[in-house]
Ligand SMILES: Cc1cc2nc3c(=O)[nH]c(=O)nc-3n(C[C@H](O)[C@H](O)[C@H](O)COP(=O)(O)O)c2cc1C
C-alpha cells in the first residue's frame, strides 16, 4: 500500500492536499496552470487561481474575451496542472469545460475587492495595451461610473468549471521513483490505475 490512495474519491484527496498546501505554501496555494487548445490543436497555457472545487469539478474565473476565453469557446476542453513545491506533489486534471451559472459568477464577483471588480471592467484582457496610463485611466473612469451603488458583473467576465474525466495525483518519492495514481471517470465512479513514474 502506498501513500496516495486513502480513499477512491480523487476529489476528496485533492481537497485534503489543497488544505495541506494552504498551510505550507508561502502564497497562492490555489494557483494552477490552465492549458487550452485551438480547434486545430495549438495549445496555450497560463496560470489562474482555482476558486472552487466540488464533485462536479474545478472552477476558475476570467475574461471571456481573453485568449483563453476564445480558445475555450472554440474548443471547450482544458487541462489543469497544480504543483505544490512545499509538498512535492502535483495534480493533473483533464476534461470538458462548461460555464458556471450566472448566479455562481455573480456571487464570486460580488466577493471580490472593489478595485478588482473595477479592474475586471477596465481590462480588455489579452488585447494590446497602448500604455499603463490607459489601464489606470480606465479603472478611474469605471470608479466614477460606479461610484454609487453596486458594481455589476461585466457581461464578458465569468467562470468555467473543468469537468474531470481524468485526475492524476503525483507524489515525489526518493530516487525519482515517484508515485502516480490516475483516476479515470467511469460512470458515476472512477477506474483507478497506477503508472510508472
Ligand atoms: C498566480 C497567478 C494567478 C492568476 N490568476 C488568474 C485568474 O484567476 N484569472 C485570469 O484570468 N488570469 C489570471 N492570471 C493571469 C493569467 O496567467 C494570464 O496572464 C491572463 O489570464 C491572460 O491569459 P490569456 O491571454 O491566455 O487568456 C494569473 C496569473 C498568475 C501568475
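Placement of Cβ uses the backbone N, Cα and C atoms for every residue, glycine included.
Annotation comment: TrEMBL describes 19-142 as domain 'Pyridoxamine 5'-phosphate oxidase N-terminal'. What TrEMBL records for 46, 47, 48, 49, 50, 51, 61, 62, 67, 68, 125, 126, 170, 180 is FMN binding site. The substrate binding site annotation in TrEMBL covers 51, 108, 112, 116, 176, 177, 178. Residues or ranges marked as domain 'Pyridoxine 5'-phosphate oxidase dimerisation C-terminal' by TrEMBL: 157-197.
Secondary structure by DSSP for the domain 'Pyridoxamine 5'-phosphate oxidase N-terminal' (19-142): 44 helix, 43 strand, 37 coil.
Ranked by CA distance from residue 170 (FMN binding site), the binding-site residues 108, 116, 176, 177, 178 have 178 at the top as the closest. Filtering 46, 48, 50, 112 by Cβ distance to ligand 1 (under 6 A) retains the following binding-site residues: 46, 48.
A Cα-Cα distance of 21 Å separates residue 112 (substrate binding site) from residue 46 (FMN binding site).
Among the binding-site residues 46, 67, 125, the residue whose Cα lies closest in space to that of residue 178 (substrate binding site) is 46. The binding-site residues listed here (51, 108, 116, 176, 177) include 51, 108 as those with a Cα within 10 A of the Cα of residue 61 (FMN binding site). Other Cβ atoms within 10 Å of the Cβ of residue 176 (substrate binding site) number 7 in total over all chains.
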